[in-house]
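K.L.:
Just dropping this structure here.
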Number of protein chains: 2
Amino acid sequence: MHPIESKKLWEQLSELINADEPEQINAFLNSINPADTALAVSRLNSAEQSRLLTLLRPEEAAEVIEDISDTQAADLIEELPPEQAAAILEELDSDHIADLLGELDQDDANAIIEQMDPEEAEEARQFLTYAADTAGGLMLSEYLDFRGDQRVQDVLDDLQENREDYAYYDVQYLYVTDDENRLRGVLRMRDLLFPKRTEKLSNLMISSPHKVSVDASLEDLRNFFEEHALFGVPVVNDDEKLLGIVLPEAVEEANQKQSTQQFLGLSGIIGGEEFRSMPLLARSGRRLSWLSLNIVLNIIAASVIALYQDTLSAAIALAVFLPMVSDMSGCSGNQAVAVSMRELSLGLVRPTELLRVLGKEASVGVINGLALGVLLGAVAYLWKGSPFLGLVVGGALAVNTIVAVSLGGAIPLLLKRAKLDPALVSSPLLTTVTDMCGFFFVLSFAALVLDKL
Amino acid sequence: MHPIESKKLWEQLSELINADEPEQINAFLNSINPADTALAVSRLNSAEQSRLLTLLRPEEAAEVIEDISDTQAADLIEELPPEQAAAILEELDSDHIADLLGELDQDDANAIIEQMDPEEAEEARQFLTYAADTAGGLMLSEYLDFRGDQRVQDVLDDLQENREDYAYYDVQYLYVTDDENRLRGVLRMRDLLFPKRTEKLSNLMISSPHKVSVDASLEDLRNFFEEHALFGVPVVNDDEKLLGIVLPEAVEEANQKQSTQQFLGLSGIIGGEEFRSMPLLARSGRRLSWLSLNIVLNIIAASVIALYQDTLSAAIALAVFLPMVSDMSGCSGNQAVAVSMRELSLGLVRPTELLRVLGKEASVGVINGLALGVLLGAVAYLWKGSPFLGLVVGGALAVNTIVAVSLGGAIPLLLKRAKLDPALVSSPLLTTVTDMCGFFFVLSFAALVLDKL
């Protein structure tokens, strides 16, 4: 909010680190909000960042890790000695540990796991085997489970006794399992309010509770929570054994992550997030890898112009309109891409419904193609006084808009069917084709009436 | 999942509607998941959609409304007689009612509110006065409040008595207010488990609880829930009076909505979401309004080419490279736009830190500009065998990449300071400037060495 004050925040932090004042650092970090912590930490140099985590107690360092993004956190964790990284990770919840280890390379992750408490290490190894956007990848192993023959009083005693541990549990339900850890039922916290304290859980629980399979997809989970207004769902394996719980927040967060990746991918930031605190060469190298592909596509598209060089020489005014026709068609096509991607993500269109999308988009293409074609044709006519130039330019834009809009609508569906990521591939693919077609239409239409231009 | 089966789903629904079978329709909708409901409803024609909501009981129709997106729901609600719309809305929670009414035009919304139960109407009017992305706009009015001198047993009696009503309350906390409805304290459900039933709430409650002001922004709320792992936060006005509660899910949902709008805006879908079930002219008209602005910007950019027509005639090979230089710079610039928008939304950069961003981006621009310039220069040289053509084209791309990347990084910050939406304005603005500069650099560099090309 107050930029000048905020700038002072990270300078203050840097001073405290350089003065070796762990108590004051911790008090300082507790006094600012998570967004400010993330900002301040990102502005430290990497020596100060490592020093910060080393100075703090593991549980305090874990709070810092929770405040910053996973990408940033993984960068910090990587720089620490494995023992220290392990001590910090042990303070996080199971889902978060798996997310962070997943961002590290295999060797770093293994080195850290080896330093963890054997039980937690075993759990972390297990969690790493689940794919990120599945129930297994999103679940927490922190939940409350009891046996059916336990009584209300037993549960209350346990809650009382372990209240400190449970304080960090994000759990609204108690699960009932059998001797083999198979899920048998569920109780809400409030179901304990009314019955006698000698009542057995098996008499109070909802049996055959809602549950999801460990390999349920993000879409399955989204559907589940849209259908059921619950505060969590138990995750079971094929043998009905209880493995963990997924909270609706985790599903929302994964959704958000997916949208972010989509947005970054569409803009040409691929292979993970980029922050300006990362090293220069890493940032420019990753961007360049995507740009290099694009320059090849651009060369292919522009080669159409080279084929028609003579036409162009004979009517040099066309050169003004070549980039306009290709740019405008690209814009029209990208609108259709966005609508298709949105409808796909909401489940309002199936990847197989190509004909429906083509029909719907072609009609928009015809209307907008005519409107834009008439507009650009009029500009060309007014500028050079040549009705033929107007016809060539306007006609090319009209036809190319129809092509671009239909193609833009279809591409995300086709990519989805081919199991490619529409966010990464749609835009370069569309632009290349609409550029080529745009150049071709302008120049080939012009070749037909060249003596009149 | 099974496209053929899904296609049958909406045909089945359409048949049931045309056969006037409300019981069967309801059973059918309950048997499919929300995503399928949304898909099926979106494929009905508008007569069938209205008929569907009319056939169902209000509480059943409300479930349909909950399953589909707000944009779609508002379209449906608009078509209904106000009495019927009011009966359906009354079955939704307060936050959802406000969202839907907010999507309608003022007159339609007022007509519906007038038909609502006076108490709910008053509440709806009040909720409509809060801005959408504030605590007021995101809060629910469904919460549990008691007085400090009430005893545990009073609360348990109340919970028992109203259990049906409260079953739909998404609430984990009990709030304690005074005679003036000022917030005095909070209790968690589990705080009722252990104390004596004669204990007064004022002795059990956490006094001076966390709370947010009714005009707290989405960013404030995001920070709040990142800092405090709570299941909800009470919302108060300037007099400390309790107005409602905000749940973390509502904040996540608003976040998600913001990302969606950002994605759609960047792709040129503005003025609200577009679904292919909307009328053709509405869809093409809205897209066209954005395209018309773009064509004007394109004309401005391309006019640079017109100024250098003679240069271009003298070295027609340049025409091949004009669109390539402008496209590639646009791509490089958009990467920088994406990184700035992401850092802004995470709070990792302040809108005032222009110099920092310019410094960081200019360095990436120099490296990537040189790399891309050498690449394209080499292609030009190899193609025509002219080192000067290579220098002109490569040099222009290098310089224009530096301009585009620096500008791309800066534009979102400048727009944010000017209180304009970066998602809508960044890309057209960037493309126009980088097109103009790209054309200018290629043609003016060429003019300098024209006799050697």
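Positions of Cβ are set from backbone N, Cα and C atoms, glycine also.
Bear in mind that TrEMBL entries carry predicted annotations, made automatically and left uncurated.
Copying in the features that TrEMBL gives for the protein in this structure:
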{"type": "DOMAIN", "residues": "B:139-202", "note": "domain 'CBS'"}
{"type": "DOMAIN", "residues": "B:205-261", "note": "domain 'CBS'"}
{"type": "TRANSMEM", "residues": "B:288-308", "note": "transmembrane segment"}
{"type": "TRANSMEM", "residues": "B:362-383", "note": "transmembrane segment"}
{"type": "TRANSMEM", "residues": "B:389-415", "note": "transmembrane segment"}
{"type": "TRANSMEM", "residues": "B:427-450", "note": "transmembrane segment"}
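Map the listed features onto the structure and describe their local environment.
P.N.:
Residues belonging to the domain 'CBS' (B:139-202) score a mean pLDDT of 89 in the model.
Long-range neighbours of the transmembrane segment (B:288-308) within the same chain, counting only residues 6 or more positions beyond its ends whose Cβ lies under 8 Å from a Cβ of the stretch, are 268-271, 322, 326, 428, 431-432, 435-436, 439-440, 443-444, 446-447.
For the transmembrane segment (B:389-415), the residues of the chain that approach it from at least six positions outside its boundaries are 315, 317-318, 321, 324-326, 328-330, 332-337, 339-341, 344, 349, 351-354, 357-358, 360-362, 364-366, 368-370, 372-378, 380-381, 421-422, 425-426, 429-430, 433-434, 437-438, 441-442, 445-446, 449, 453, judged by C-beta separation under 8 angstroms.
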K.L.:
Go ahead and report the DSSP secondary structure tallies for the domain 'CBS' (B:139-202): helix first, then strand, then coil.
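P.N.:
The counts are 20 helix, 19 strand, 25 coil.
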K.L.:
With DSSP as the reference, give the number of residues of the domain 'CBS' (B:205-261) in helix, strand and coil.
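P.N.:
The domain 'CBS' (B:205-261) comes out at 24 helix, 15 strand, 18 coil.
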